[in-house]
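To start, the structure itself, in C-alpha cells.
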Amino acid sequence: MCGIVGFTGKTSCCEFLLKGLSALEYRGYDSAGIAAVQADGFAVRKAVGRIDQLREEVEKNPISGVCGIGHTRWATHGKPSLENCHPHFDIDRRIALVHNGIIENYAELKAQLMEKGVSFVSETDTEVVAQLLAVHYENDMKTTLLKVLGMLKGSFALVILDRCAPDTLYCARSHSPLVIGVGQGCHYVASDVCALLEYTRNVYLPEDGDIAVVTPGSTVFYGLDGKERKRVNVTISWDTSAAQKNGFDHFMLKEICEQPQVIADTLAHYIDSADYTIRREHMPFTPEQAKQLKELTIAACGTAYHAGCMGKALIEQFAGVRTDACVASEYRYQTVVEQERNPEGHVFLAVSQSGETADTLAALRKAKQLGMRALAFSNVIGASIAREADTVMYTLAGPEIAVASTKAYLTQVLLFEILALDLAHLRGKISDEELKDALKTLMSLPRQIQSILNQRAIVEDFARANRACHDIFFIGRLMDYTTSLESALKLKEVSYLHSEAYPAGELKHGTIALIDERTLVAAIATQPQILEKTLSNMQEVKARGAYLLLIGTPPQTPIEGCTVWPIEDAPWYTAPLLATVYAQLFAYYTARQHGCDIDKPRNLAKSVTVE
Ligand code: M6R
C-alpha cells in the first residue's frame, strides 16, 4: 500500500526521494508527492498517476533542499487527487508530513479542529495530524509530537518536517512499518527496506511507540514517555540486484525463475546436508514441546493462507497434530470457544511474506491475548509480525517485488514441510531413516523446479492458444484443491480473467452448470490416493465441452484432447509445489497475452497494511 521515504544530509534530497519512491512502486499506489525544506518554505511537487509523472513535474520545476520527504498514496480517505496526495501541511505551511496507515478517530479530531476555525484542503485522515501538530505546537516538534500521538487512534508511520528544524526528520510509528538507514553524513527513512538497498544496508528498525529524531549525523530514539531509548542498528543481507529486474521483462517472471535458488537457500538454512538432519537451533519446538503439542491454528491472508492450508495437510498427515488454517480477517473476529480460553498445548502460527498484513497481525495479537504461544513465518526481518511473535521462522525468499506472490509462497510451503517432518520425528511418527529420506526428497526440489522452468515455452504456447478463454476453473482434491485455490488466485490477480477453484468432487453440486465449450478446466492431480477420482471428474467436464488441462501425474489412459503438464518422481508432499510452478507460469503468460500490468495489477497493493 502507501510508501514513505525521507532524507536528511548535505546533498540534494530529490534524487533519493524519487528513486526511493520508484523502489516502492510495487506496493501499489495511485498518486505520489515530495516536499523539501527550502529557505523560503516547502517546495512541493505532486502527481496523480505514476512516479514518472511526478519525475516530469520535478524536471519541469526542479527543487533544491537537503532535507525532504516523499510518499506514494493508495487511496483510502478520498479519491486519488492532488489535494489528497501527500505530503500534507498545516494551514501556515510550517509543518509537512507523510503518513502510512489509518487514523481511526480522524473524523472526531477534524470536527474539533474545524470548531477552532481550522480549514482543510483534503479529505484525508493524514491532514488532520498536520493540523493537530500546528494547533498544539509547543517548544519544539518532539514535545509536540509526544502530545499529539496520545490523541491518535489507529495505525501509523509518520515522517514530519518542521521548518523550525530544517535539517530534521521526526518519525513515529505505531503498527505500521518504518526503517531508518544510516548513510555517510546522511540518514534515510523509508517504509520498506527496498527503498534503501541502493544506498545503505545499515538500518535501524524502530519499534512500535518509538519516536525518532533524525538529523544528517544521528538518529535518537525516544519512547512515548519522552525518555531516550537505545536501539541497535542491523545489517540487511538483501542485495540491490535482488530488487531489480535483471533482464527479465517483469519481476513476476524473475521471481518465479528465482525459485530453485530461494528454495535451495531456505533448505540450506534449515537442513544440514552433511548428514540430512534438521538444524535444531532454527526450529520452534523442543522435543518436549513437540510432544505436548495438541493443536495448531494457522492464520494468514491470500496466498499465505493457501500456504497455511498446505501446512494443515502436511502437519496433520506427517505429525498427527490437529491443525486449522484460518483466513486471518475471519479469525480475528471469530467467537472464542471455550477450548481457546485454556490454550495449554494450543499453538498459533501467523504466515506472512511482508510480516505487515494488518489482519494477520491482528490475528496474532488475538492469539497472544488468549495466552497462546505465537509463532510466525515471515520473509522480512524485523517486520511487525516477526517482532510480535514469540518465535519466528524466516523464509529466505529475498525481496518479493511483484504484487503476485510466487517465491514467497513456495518457501512458506517448504517451511511447513520442514516443520511437519520435524514434529513428526520428535513425536515418534517417523524414524531417523524416514526423516533423512524425506529431507533428501526436499533437496531434489531446486532441480525439479528448474526442469519445469526450462520448459516454460510450452506453458507460454498454451497460454497463447487459449487466450480467448474467459472462464477458467481449477479443480483438485485435498492438497490439489489447495493448489487449485492458489492457481486461480494467481491467474485472476494478474490476468483479470474469471477463474475459480473447486474441490473436484463438488463440481456436480452446482458449478458444473457453468461448464461449456468456452471453459477451460485445469485439473491438479498429484495426490495418488484420489487420482482416479479427479480423472473421472475431468471426463465429466469434457463431456460438457470444456477444454482440458492436467497438471500432475499423467493418466495411464490418456484423455483425448487433454493437455498434460507432467509431474513425475515426486511424492504427495512435494508434487503440489511443482504443480504450483506450472500454474504460476500459466498465470504469468496468460496475463502477458492480455497485455496486463503484471507486476502492479489494478486495485491491488503488495502489502495490505489496513483492514
Ligand atoms: O504479506 P502477506 O503474505 O501477509 O500478504 C498476504 C496477501 O495479501 C498476499 O499473499 C496476496 O494475496 C498476494 N497478492 C497474492 O499473490
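From the backbone N, Cα and C atoms, a Cβ is placed for every residue, glycine too.
Per TrEMBL, the feature active site, nucleophile maps to C2. Here TrEMBL flags K606 as active site, for Fru-6P isomerization activity. If you look up TrEMBL, you'll see 2-217 marked as domain 'Glutamine amidotransferase type-2'. Residues or ranges marked as domain 'SIS' in TrEMBL: 285-429, 458-601.
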Local backbone state of K606 (active site, for Fru-6P isomerization activity), from DSSP in three classes: coil
List of residues, in chain order, with Cβ under 8 A from that of C2 (active site, nucleophile) and at least 6 apart: R27, Y29, H71, T72, R73, W74, H86, H99, N100, S191, T609
Packing count at K606 (active site, for Fru-6P isomerization activity) (other Cβ atoms within 10 Å of its Cβ): 26
Secondary structure content of the domain 'SIS' (458-601), with strand meaning DSSP E or B: 70 helix, 30 strand, 44 coil
Segment-level pLDDT (mean, integer) for the domain 'SIS' (285-429): 94
Mapped DSSP class for C2 (active site, nucleophile), helix or strand or coil: coil
